[in-house]
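Asker: Handing you this structure, nothing more for now.
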Amino acid sequence: MSLQGSYQHFCLWMFLGTTLALGQGQVSSRLRLAVLPEDQLQMKWREAEGSGLGFLVQVTPMAGDLEQELILTTKTPKATVGGLNPSKSYTLQIFELTDSGPILLARREFVIEDLKSQSLGRGSRRLAGATLEPTSLPLRGPDSEKTSEPSIAFTLSRDLPILDHPQFQCTPPTPADIIFLVDGSWSIGHNHFQQVKDFLASIITQFAIGPDKVQVGLTQYSGDPQTEWDLNSFQTKEQVLAAVHHLRYKGGNTFTGLALTHVLEQNLKPAAGVRPEAAKVLILVTDGKSQDDVRTAARILKDQDIDVFVVGVKNVDEAELKLLASQPLDITVHNVLDFPQLDTLAPLLSRLICQKIQGRGPVKPAAGTRVLDPLPTPTRLILTHATSSSIHLSWTPALYPPLKYLIVWQPSRGGAPKEVVVEGPVSSMELGNLTSSTEYLVSVLPVYESGVGKSLQGRATTAPLPPPGPLTLAAVTPRTLHVTWPPSAGVTQYLVQYLLATSTGEEQKREVHVGQPEVLLDGLEPGQDYDVSVQSLRGPEASEVQSIRARTSALGPPRHLTFSDVRYNSTCVSWEAQRPVRLVKVSYISSDGSHSGQTQVPGNLTSATLGPLSSSTMYTVRVTCFYLGGGSSVLTGHVTTQKAPSPGQLSVMELPGDAVKLSWLATALSGVLVYQIKWMPLGEGKAREISVPGTLGTATLPGLMKHVEYEITILAYYRDGTRSDPVSLRYTPSAASRSPPSSLALSSETPNSLQVNWTPPSGHVLHYRLNYTLASGSGPEKSISVPGTRSHAVLRDLMSATKYRVLVSAVYRAGESMAVSATYRTAACPALHPDSSLSGFDLMVAFGLVAKEYASIRGVAMEPSALGVVPTFTLFKDAQLMRRVSDIYPATLPPEHTIVFLVRLLPETPREAFALWQMMAEDFQPILGVLLDAGRKSLTYFNHDSRAALQEVTFDLQDAKKIFFGSFHKVHIAVGHSKVRLYVDCRKVAERPIGDAGSPPTGGFITLGRLAKARGPRSSSATFQLQMLQIVCSDTWADKDRCCEIPALRDGETCPAFPSACAYSSETPGPPGPQGPPGLPGRNGPPGQQGHPGPKGEPGPPGQTGPEGPGGQQGSPGTQGRAVQGPMGPPGAKGEKGDQGLSGLQGLSGQQGIPGKTGLQGPKGMRGLEGPAGLPGPPGPRGFQGLAGARGTNGERGAPGAVGPTGLPGSKGERGEKGEPQSLATIFQLVSQACESAIRTHVLKLNSFLHENARPPMPFMAETAKLGRPRSIDPGLHNEALLPGDWGHILRPEDQGEPVTISHTSNPRLQEVQTPESLE
């Protein structure tokens, strides 16, 4: 038979089986009955016009069963009743409820089996083996929602085979134990739980139940699991189905992990009916994520060789489902979008479970496995060492050690259980992270290869959280209390609460959380009592309260007035004050009342400096603190200033002629206005005196006669009029031989130093004194001392290019000689090379462009030069050579200089301008440098003038352009005061005027090859070759240079030969030749001159001791010894307890803490009681379009319309793409949808035809479906005949597409498919 013919017969068969025979009588003619799967009865009746308050459906059995009633709301003329006995007789009565009482609408007696027979008789012409059974939404009782009406859909029955296949019945060859673990939490609800029961019954129906076949057990779980019946509780299928029917809904939370542990502990015991030889299957049905850990129990179940199937509904955690289920996951994990879809999953899941059992075969214990029945259990569970967060467990192991132990614990008052698996033969462990003061129920389960033994249980209570130790006041001020306490073990933070002792309301109590066992309470009132309490916290747990009453100190006067750093004109006064102080006033007055003053300091300071004061005077000092409430009492003290300090360390140095130089050390740091110096001979003669400024420390005293003793006196006058005590010494100018050094010579080694050399005088010199200062006399004079055995010294840290005056004198025991002097200017630049007299800077060395350093510089390459020993360095575009000015120029660049470079421009040199060498400021702005522009073939020198304005000079003559022709050229740029000269290959090319240059910066950067348009520290460079780059500190070097590096300009007389030259000219001397043959003996020469003295002989024996010589002169003072710290000595004895220290200052207020993290979501609350019925809702939305009405009479024929113009032919469309081949599953699904749509259309048309005169038109049916992608079917997993309704469940959720709405028309061959976008 063709596929089209089969489809027509199949649709005809389904259409004929849609209506059951109606009973006789006018009342019964308004009632229609239909039998649904599992002996449910669906009824529909017609409403009377003006329906009353509702309907009462009463189904009364003839005998035996209880009466079941269902009250429906208005406009719901249909209902479904389940749980009926198919062989018993029932009476069905339907009443309309009105204000005057119930009115009978319909009455009928029926037997389920008779209704089935009538349906089969009327469908004798249908295809054999198929039936159509109506299915309804879940059964709704009086408590169900009343906002929606039941609707009818028609599906293929799965109780009968399709196309002559026998009905599916699983009779496995080996016994099987199937345990259902059903989620009964609040999230399921009563209505959906009924659908879960239907789902369980659909699975159980397809298995052969019996003691030697398949046994079924069931456990329902929520907050705590409960075994509804064990495996051996029922012997027949009817008993099991009856138990499913009477299964009651529990409600509660979702603790799947605890339920799995319950299965291990209770349902898999031999006493529960588990057979060792039977295959074991666990089927878990849940609709939510577990609130406890499931991994441990799931792993043990799978290790026990138990096949775990998981069925998830709605928003379940798919990752958790895969964690629970056995392998392979595509068979054992199933997820449906809603509870009504469980009915369609049952046939497929039954076949998969059957195939799994059949594939396992009989279970046999492994070789060497010891079968224990009953399984041994440990004994004597002891719970000890209970702390606030832990309990120690110990037990006596069983005689036969298990593979592992499963430890489960939870609070006895309820809460999420936790579990852990302990491997190996252990008998103790410690449970941590527990809650304090909580009783725990602990279970220990041994796990064997053959199952789980009986649990060993015990109870223990954790200790309370330890409170803080005794509170202690560490510091007290008027505004703060510093409280400390011993820390508590296992505490994360402390809660500190404090309140005025006189307060009566708790609302004034303040609290603070701290992490350390101390707290500083601030913002308190002075002189008040406070009650302070502290609690230990660990998460939500709190300990008992530890309290203390403390009192803040009252405001008072300052204390402990002390004086320090007492000088002749000032002193520092300090005090202690209580906080908070706004202002402190300090006043002082001299003892005679002639001098007084006062000062004010902020309240956060505790000291002040008083001055100016008079020397050697006693002062009375008074300190007053001012608070918010006023001033404190006065604290008084006395202090006496010191004498004005006198100059010290006087020394005299004899100068040439009749003058001497007096030197002294000023003991006062500042304040000296003038020094008064007086000298007079002790015999006859007049006294003389001079005054010098207070900033000096030396003075020249003229007119002193030889061999005359003088008394020299000096005293200091201060700015406040105070005079120091005079200081004097006696000095006699002597004519004794105190010869000064001679031949004083100065030279400049570096720009910052001077080399001083002299010829020592005759006589024993103790040391030499070197005084040096600026020749202009504007700066201070400095002095150094040189040992008498040396005749040279180096003066360092000098300014470059600056003239200095240096004086050198010899110091004898009898005094100091006259000083010899000389002046010299420090160098502006260092020597260009160590053995060169030319001064300047070699920038090749400064930038590391030498053979030993270039390899570490990016973008630089080196190659030997054919012109000589100087190598050639190539700078590429990625070379970024930059150095700080201070690293290259230790001194300032002189205004007259010459820039010398030997350069070659390459073909890849950019055509834009680049700076061969330039100086930049800190902001990378050019200040001084040389630009080469290969595009314009010009050379530009630029600098800043004295006004910091940029000035530049450009050379673009023909002789200058040859620099850009690709050969090496030596270029000199001589910069003078008013002009710049350009030399190319040691020949003057041009001269340009330029203004005076400003001083180049001592900071900034120096770069090589930087592109002129570049900005910032990172920039590109030009590509060129460089052999030489120097700056000579002279503008005349270009006229002296001979350009020996250029072969065409070499002169054999002035230029040395290249050591590495391959060929030599006739003008250049060659290397020495080989040694010639020995010559003939010569004549005897004249007598030689007297030879040099021979080497020193060996020391002779010691001589006899000579007489004692005269006493030697006093030696010079030795150098100061260096103290070396010795090893640390042993600790000394403990000293006596010191006085109590001063109170610390008030700390600053801490910053406000960041908000804590959001807490975890609490567990779902218990379902509340059902509320009263609400008010009627607003009118519903507009309904669907009704069915088409009866055809009307033909209207009059209209006038013919005008003929329109002939349209242009359209363009030929493009050929469509080849369609993808569809799988058999997709074709079958489309055929099924089309068939069902046609049947529904015909049913609606039939109903409309039968009742078109009695009721308004009904809306046509619309169903929501999802278009999916084709998916191949594994024939190895689905070897049973699949029912048509099963194809949709083989498609996974991820294979389904967007929802579409299929509207069925009156023509079964026409279907309008509308996407969600087209419906808007």
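Each residue, glycine too, has its Cβ placed from N, Cα and C.
Quick paste of what Swiss-Prot says about this protein:
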type	residues	note
COMPBIAS	733-748	compositional bias 'Low complexity'
COMPBIAS	1081-1093	compositional bias 'Low complexity'
COMPBIAS	1140-1152	compositional bias 'Low complexity'
DOMAIN	377-466	domain 'Fibronectin type-III 2'
DOMAIN	467-556	domain 'Fibronectin type-III 3'
DOMAIN	1125-1174	domain 'Collagen-like 2'
DOMAIN	1165-1221	domain 'Collagen-like 3'
REGION	728-752	region 'Disordered'
REGION	1064-1220	region 'Disordered'
REGION	1291-1320	region 'Disordered'
SIGNAL	1-25	signal peptide
Asker: How about long-range neighbours of the region 'Disordered' (728-752): same chain, 6 or more residues beyond its ends, C-beta under 8 Å?
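Answerer: Residues 650, 652, 654, 658, 660, 682, 704-714, 758-763, 768, 791, 794, 796-801, 804, 806, 808-810, 812, 814-830, 890-891.
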Asker: Within the domain 'Fibronectin type-III 3' (467-556), how many residues are helix, strand or coil going by DSSP?
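Answerer: Here the numbers are 3 helix, 44 strand, 43 coil.
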Asker: Given the model, what does the mean pLDDT over the domain 'Fibronectin type-III 2' (377-466) come out as?
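Answerer: A mean pLDDT of 83 is what the model gives the domain 'Fibronectin type-III 2' (377-466).
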Asker: For the domain 'Fibronectin type-III 2' (377-466), what does DSSP give as the number of helix, strand and coil residues?
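Answerer: Grouping H, G, I as helix and E, B as strand yields 0 helix, 48 strand, 42 coil.
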Asker: By DSSP, how many residues in the region 'Disordered' (728-752) are helix, how many strand, and how many coil?
Answerer: 0 helix, 10 strand, 15 coil
